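K.L.:
Please read through the structure below; I'll follow up with questions.
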Amino acid sequence: MARRPSATGQVGELRGLASSASIRRGATLNRGATLNRGKTLSRPDRFQNPETMFKKRTEDEPASCWVICSRITTCWALPPFLKMCGISDKQVQQAWREKVTLCAIIMLIGGLVAFLTIGFTFLLCPKSQRFGADTFVRYGDMQSQGQFGINGLIYDFTLANTTYPKGFQIDDLTPGQDISNLFMKNTPSCANLNSAAAKFNNCLAPGGCPTNITGTRDKLLAAFHLRQIPGKKAGYDWDQMAMPELANYMVIDGNVLNLDKYFALYKTPIANDELDTVLRNVRNTPRPEGGRDVTKVFFRRDSLKNSATCLVEQFSAGFIDKATPGCFASDLFMFVSLTVVLGIVVSRFAMAIIFDWFLSAKLARPPSKSKVQTNASAASSGTTIVTPGPQKTTPRETTGGDSLKGNIQELHTVLLVTCYSEGESSLRTTIESLAATEYPDDKKLLFIICDGIITGSGNDRSTPAICSSLLELDPAFDSDPTPQSYIAVAAGSKQHNRAKVYAGYFRWKHRRVPTVLVVKCGNMEEFDKPKAGNRGKRDSQLILMNFFSRVTYNDRMTPLDYELFRKIQHLMQVTPDKFEIVLMVDADTKVYPSSLRLLMNCMNNDPLIMGLCGETKIANKRQSWVTAIQVFEYYISHHLGKGFESVFGGVTCLPGCFCMYRLKAKKGEDWVPIITKPEIVQEYSQNIVETLHQKNLLLLGEDRFLTTLMLRNFPNRKMMFMPQAICKTVVPDEFNVLLSQRRRWINSTIHNLLELVLVRNLCGTFCFSMQFVILMELIGTVVLPVAMILTIVLIVNLSLIEISNLAQAAPLILLVFVLFMPAVLILLTTRKLIYVAWMFVYLLALPVWNFILPLYAYWHFDDFSWGETRKVAGEAKGEAHGNADGSFDSSKVPLKRWDDYEKARVRQAKRIERAERQRVNQDSPYIRSVSTTPSVYTDMGDSKTEIGTPGELGPMQYHFDYNGRQVMTPPLAGNPSRPSMIMGGGGGGPMSPPMNMKRAMTPPPPGWQHAQQQGGPMSPNGMHMSPNGMHMSPNGMPMSMPIPVLPNSMQRMPMPMPMQSLPLQGSPYGGSLTSPPPMGPGQMSSPYGFQEPPIPSGGMRRNRGNGNSMIRTDTESSASELNTLGGTSDSDHGAPTGAAVDHSDAVTHG
């Protein structure tokens, strides 16, 4: 059921550590302070859902059209045949069939492009009809001296040993003139015709035939040594047909007829001769430009059709030098195609230059003070600590980065680093570069995620060990925290994964950056496996996305989410709902110091930007020829491809090695979830993918798929490129690694563009739209091999012919323009001539980029592995984190709301404090003491098992498992073993968790403020030693204290001593856990004993009973309905009730 958005009011949280008592910088948390969480979102009503890309198919559902098409295409490959080839699994067989079908479609598209480029021209205009300067010798062409026409063919009279026929005067003739009447004619088509023209004999006409030789090629060569010029014909233009000397010339179907001797013999019309009448009428009728064409007259009359061929044999003098309709259509298609292609290329270059010169510079400049103050006021609705009375400042180290002057608050930013098998040098370089960015340290949080207990090839330590060694761990937390459960992106039992959360700081020079390290360590079944906890990069990103999505919506959390919440709050002094931006980088990337500031300027200058990336340069460009050919490819893909797309605000791929997203955005008075939008998180976290298309989307290119999801869900927002923000990364230096990487990238690109081309409401319209650009990019990617072949064919053909006109030169001009236009882009953008040299290196490798890599990728559509890209020591071939293993037990990962976790922690702390008071007073008959080093107990049936001593656990590190089932878990693979925690009988061995544990305990945090400040062994009256010799903290709490746990039967008994008040961390009203005071009018009692404020008239409260949220007025509320901690109110101390979500941008679950 959809619910209206509402504010999560002041929800309580325990005060944990003395160091985390102050949230605002320099503030000390006094008794009565409250933790004010900002407005969060509940799922709003939606308009229309974007259609999901992953529709789960039921068993009884018929096969889709695509599956049927793939089976028809590969009907020749029967299942037994595939089994013989080693393809036995049904899903693998189907993936193979889909791959073959996709390759067939690509071949069809490539063949269509080749046909339109070459075949279409030959179909409409065969070579025999292709006229031009290379075919015709034009009448009167002075460059053809000594060349004359005989029966339409050109003969050269200037060759050696050539003799002239009798009556031939070369000086009296025009070049290209017809001299066919000097020779006898062979006219077999005129034998059965009775017209005068059919029976005409030119040798009987005035002038006769001086040679009495038929004008055939062989006889002319034998008699006069005349040689025909190969491929040359006598040509006439329509303008020439108006010349006086050509008055007796006319045209039939493109053939020019010389009727001089016919009209010289028959000077008067011939009676009853239809053909003679037609010829005289055409000659005597004036026509524009001399166009005496009798084609229509002859072919419209059945009596004259047979005479056309006879006239061509009898009077042929040459041909009209004009393109046929087919050749005209072919030329028109070629020029239109070239114009479109050239227009696209030129417009891409022009827009890329405009973006680089003007738009990007405008986005990168520092925002105005008013803009940042507006954003800061929007961000300030996050969590702060309100401390009444004077505040004490706490010394803190200098934070780096240049902040804007004045009272301007920067946006809180998460710097996500995903690690897998990188070495210490790469990890240190990446983390140091992020720490050195010009941004305040108290506004950025390093969020490092290690994807499993992985030891990279060539490394002597695991990746988590390297990362933890780089940090200065916060002493307030354990150096080896308890693994917490979460739901991973995997199949089977691997959906249950666990992760450790380390909290600390990364020191770089004078700076100290808050850092959270998440180590995915696997479930219990992965204890002895080589890649325990590995679930992939997408799962690492989803740890962060799920966490902030649940924080934003105050949704149910996993134990890992709650652990992250507490430690981030402690490190940053604000709750996580204050964060608005996330920067994602890979662990082999070095970020320039100014890059983060520039990206943040873009976010501040344009609130519609939901994601952007910077330029990625190559750090090892001269390492090998493989790295050298990638330098210009990286440059052109950013400055040309992403620069052009940025004009439309639709960059189709933000590279995962260096990109930034909004977690949420402020729009008016409403919060709009962006990357935390539930639809995006849900689609991105698909763990069961069945079709080849889905696997190419999710398993190969998660970065591009995430960009696709963002554009599908927010087509009116912007994805941008910022060329001034730069990072450097390490690229493959071996060809087999490059082959694996580009296989993943190309296949992912095709499948993601197929999804994006269906998004209708992207920027622009028709040919000037982002949708058209995506379609062109998709077609261009698919036809890369064909384009490479056609380019080679074009170059070879042009090298074999002599270019004599513009039509012949047009393809060459286009090719040179396309290949060398990037040099102009280089000069106009980077102004670094060295990139021109890298461009020539790239051009030499064009066969690799446009032929070898695409073909390899297409044939491996059904290969979803990462290949040679990342090598892990001891990894077997075929291992993958997505392989299903067993079934998932959802009960292993409890999902509870944040306030439910807090309630449990309050109860634990309350019992611990009570037990500690009894132990210190030494007057409780229920406490078991063991000299001066008491043990920790847990209730296990009828027996008690000693599970350890406080000294072994360290301060504040009594490992609380938020699953609520165990205190300690076995050591994980890749981590040093811990001291044995089970000393007594548990039936599970020395390291097994205690069975049937009734309660998991967590200690009270150091620095606990007690309401009773005078007297008693815990009073801070100067004593720093407890009666049993334990070291005491300045406020009277023991620095290392045992935690006795009473049996259930004893815990139900009344306490023999007065209960001291226990303040509730994050309590909205600063109450303490004491007996409630008398309630005033309009007040309601809290289940935890503190008093709630009066409900204002018409006020609203939220009930979270049974996991649902209901909004009721004060007349409908009851004490039993207020199920949240302290009866949380929606009124956030005067803040507007109901943080709405803007429906035009945010479409979330109902």
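Glycine is no exception: its Cβ is also placed from the backbone N, Cα and C atoms.
Just so you know, TrEMBL annotations are computer predictions that nobody has curated.
So TrEMBL has the following annotated:
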- 42-54: compositional bias 'Basic and acidic residues' (COMPBIAS)
- 372-401: compositional bias 'Polar residues' (COMPBIAS)
- 1097-1110: compositional bias 'Low complexity' (COMPBIAS)
- 1116-1129: compositional bias 'Polar residues' (COMPBIAS)
- 235-319: domain 'Chitin synthase 4-like' (DOMAIN)
- 34-54: region 'Disordered' (REGION)
- 372-403: region 'Disordered' (REGION)
- 1004-1026: region 'Disordered' (REGION)
- 1057-1150: region 'Disordered' (REGION)
- 100-124: transmembrane segment (TRANSMEM)
- 332-359: transmembrane segment (TRANSMEM)
- 778-800: transmembrane segment (TRANSMEM)
- 806-828: transmembrane segment (TRANSMEM)
- 835-859: transmembrane segment (TRANSMEM)
K.L.:
On the 0 to 100 pLDDT scale, where does the domain 'Chitin synthase 4-like' (235-319) sit on average?
P.N.:
86
K.L.:
Between the transmembrane segment (778-800) and the transmembrane segment (835-859), are there three or more CB pairs that fall under 8 A, provided the residues in each pair are separated by 6 or more in sequence?
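P.N.:
The answer is yes, given that the two segments have at least 3 Cβ pairs within the 8 Å cut-off.
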K.L.:
How many of the residues that make up the domain 'Chitin synthase 4-like' (235-319) does DSSP mark as helix, as strand and as coil?
P.N.:
46 helix, 15 strand, 24 coil
K.L.:
What else in the chain is close to the transmembrane segment (806-828), if you only count residues 6 or more beyond its ends and a Cβ gap under 8 Å?
P.N.:
132, 331, 334-335, 338, 341-342, 345, 349, 352-353, 356-357, 632, 635-636, 639-640, 791, 794-795, 798, 835-836, 839, 843
